[in-house]
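*Asks:* Following this message is one structure expressed as structure tokens.
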Amino acid sequence: MEGVLICLTLLFLMVISGVITRFVPFLPAPLIQIFIGTLLAVLFPAFDVGFNPELFMLLFIPPLLFNDSWHFPKREFLLYTRPIIMLSIGLVFFTVAGIGYLVHWLVPVIPLPAAFALAAALSPTDAISLRSMTTGTRIPERIMHILQGEALLNDASGLVSFKLAVAAMVTGVFSLKGAVWSLLFISLGGIAVGFILTYVFISLLGKLSKHSAHETTTENLLLLLLPFTVYLVAEKLGFSGVLATVAAGFTVDRAGFLDRTMAKMRIEGHFVWGGLDLTLNGIIFILLGLYLPHSIKFLATTGYSLSEYAGIVVLITVTLILLRTLWIYLTLPFEALISRRKRSSWRFPNIKIISTFSLGGVRGAIALAAILSLPHMIDGAPFPARKLLIILVIGVVLCSLLMSSLLLPLITPGLKNLIHKHTQDEENEAVLALTKAAVEAIKTKMKNLCEEINEREKSLCIDVGNKLMATFNQFIASNHGTEHEKLESMLALTFERQLRYAALEGAHLELRTLRKERKINNTTMMKIISRLDLRQITLHTEHQTISDSLEKTAKE
């Protein structure tokens with residue numbers, strides 16, 4: 001019963017954060033959620049969620065990372081593989097060395113191996129936190145793709161470094177050769193598990209979809225189980241569950257998800273994953289806020305004052321940013337050399353781009369879960385300075401989130417002009433190509449039908465086909481011809497969408513009237529309203545596309 005009440009409380013806090021975000025949209029949602037969690041902990045000190053790192057990793061990380069990697073653009077990942085790898089592997093070890101020695105120097109009570117463990121826990125950036133903190137921030141797609149790709153991959157190298165540092169502290173033994181082999185073993189093994197199990201799951205989804213075109217709940221539940229299954233199997237085999245989950249997300253579409261599943265399942269799944277992602281994401285930050293007052297109480301047992309603690313946290317956070325900046329500058333000559341060899345254009349990035357990359361290394365849930373999983377020593381004694389390590393990581397995560405949310409909006413204005421090809425342009429070109437293909441398909445089908453029917457039916461078929469193609473041709477015309485012709489076609493499409501909106505609103509009103517007069521029951525109403533809702537969603541999407549195109553035409 002207590003667990004159910006805790007879950008309901010967290011969901012209620014999520015609702016409150018959503019309401020506040022509507023009224024103060026300029027504040028990042030994660031900061032609001034952290035504040036709400038902190039406020040709850042202060043007002044109700046007895047409220048204790050009980051943090052189990054292994055359970056946290058299992059419940060939150062697999063679905064969130066799976067969703068992120070699934071929707072990550074694969075083409076851009078291949079395009080930016082080199083900078084992603086340099087940030088997700090090279091920078092991790094660079095960070096572990098730099099922060100490890102700094103922490104040991106700042107806090108001598110922390111042994112060097114334990115300091116390296118703290119640095120390793122802080123080395124992975126967090127894809128979940130990054131996406132939450134940059135919502136609404138105008139960061140160019142290229143920079144976001146590299147930062148997200150780094151965050152998805154550096155978990156493995158960071159967690160391997162963490163395990164090795166912990167092992168060195170507990171056993172007093174460290175092997176560089178063993179560390180390299182361990183990294184390769186758990187990384188490649190995790191990727192293989194994610195790849196294989198995803199193909200199995202998607203094949204099973206395809207077979208289920210063939211037997212039921214209308215009931216898709218089972219298929220969506222099966223897909224929901226995929227990240228958890230992949231994570232658990234990989235961890236059980238001694239591989240990286242995090243990388244297995246990321247690999248699964250990357251493999252879903254390649255395994256034939258679009259070809260083997262029904263449209264109804266994909267539509268329902270889109271809303272299921274969207275709601276789950278938003279909820280779990282928010283709960284992570286609420287939990288972080290809940291543990292902030294507890295971590296401050298721990299200071300009394302460490303011998304450090306609040307001001308000393310704050311100074312150490314800020315210094316570690318700033319050093320993390322400076323190390324990222326230094327690493328980026330160190331890799332630029334290599335990037336220039338590769339570009340020259342490939343005879344591709346390259347220019348030195350300006351200070352805004354460098355600063356965005358530096359501040360984009362947000363820390364989050366992975367760091368918290370790692371540091372909270374610190375084991376006991378071989379003789380059963382607590383891990384050296386465990387409480388201090390935990391509160392330092394919590395402080396750095398909070399400071400990292402705060403600095404990024406405050407500074408990124410000041411840096412990013414103007415960066416949008418650096419994008420060579422906007423996502424919206426690409427989307428418009430794709431929709432235009434699909435529209436042309438649709439017109440050709442209608443013409444082909446009309447020709448085939450006309451060969452099989454009589455003259456009266458043929459005339460009717462041609463009339464229907466021409467009416468259907470008229471809207472498609474209008475959209476094509478809105479993307480060709482003179483600027484005046486484009487604008488006229490766009491306005492015509494806008495008026496058409498507005499009239500369709502009016503028709504749908506009238507249908508909704510009449511449906512409610514019929515229900516109120518008891519001419520239909522609620523079951524009939526729900527069936528009809530679901531169809532109307534789907535049409536309204538489609539109209540909203542089309543209207544947004546046209547509005548973006550009109551705005552672009554006006555600017556030109």
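For all residues, glycine too, the Cβ spot is worked out from N, Cα and C.
Since we're looking at a predicted model, the values are computed, not measured.
Okay, so TrEMBL annotates it like this:
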{"type": "DOMAIN", "residues": "13-409", "note": "domain 'Cation/H+ exchanger transmembrane'"}
{"type": "TRANSMEM", "residues": "31-51", "note": "transmembrane segment"}
{"type": "TRANSMEM", "residues": "84-103", "note": "transmembrane segment"}
{"type": "TRANSMEM", "residues": "151-174", "note": "transmembrane segment"}
{"type": "TRANSMEM", "residues": "180-205", "note": "transmembrane segment"}
{"type": "TRANSMEM", "residues": "270-292", "note": "transmembrane segment"}
{"type": "TRANSMEM", "residues": "312-332", "note": "transmembrane segment"}
{"type": "TRANSMEM", "residues": "353-376", "note": "transmembrane segment"}
{"type": "TRANSMEM", "residues": "388-411", "note": "transmembrane segment"}
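Please situate the listed features within the shown structure.
*Replies:* Listed by sequence, the residues of this chain that lie at least six past the ends of the transmembrane segment (180-205) yet keep a Cβ under 8 A from its Cβ atoms are 156-157, 160, 163-164, 219, 222-223, 226, 229-230, 233-234, 237-248, 250-252, 255-257, 260-261.
If you look at the transmembrane segment (312-332), the same-chain residues 6 or more away from its ends with a CB under 8 A from one of its CBs are 83, 86-87, 90-91, 94-95, 98-99, 102-103, 106-107, 122, 304, 348-349, 354-355, 357-359, 361, 363, 392, 395-396, 398-400, 403.
Sequence-distant contacts of the transmembrane segment (388-411) (same chain, six or more residues past either end, CB-CB distance under 8 Å): 28, 30-31, 34, 103, 107, 109-110, 114, 117-118, 121-122, 129, 133-134, 137, 139, 288, 291-292, 295-296, 298-299, 302, 304, 309-310, 312-314, 316-317, 320-321, 352, 355-356, 359-364, 367-368, 371-372, 374.
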*Asks:* Sequence-remote contacts (6 or more beyond its ends) of the transmembrane segment (84-103), Cβ cut-off under 8 Å?
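*Replies:* Apart from its flanks, the transmembrane segment (84-103) reaches 77, 110, 112, 115-116, 118-120, 122-124, 146, 149-154, 157-158, 161, 165, 315-316, 319-320, 323-324, 327, 331, 334, 392.
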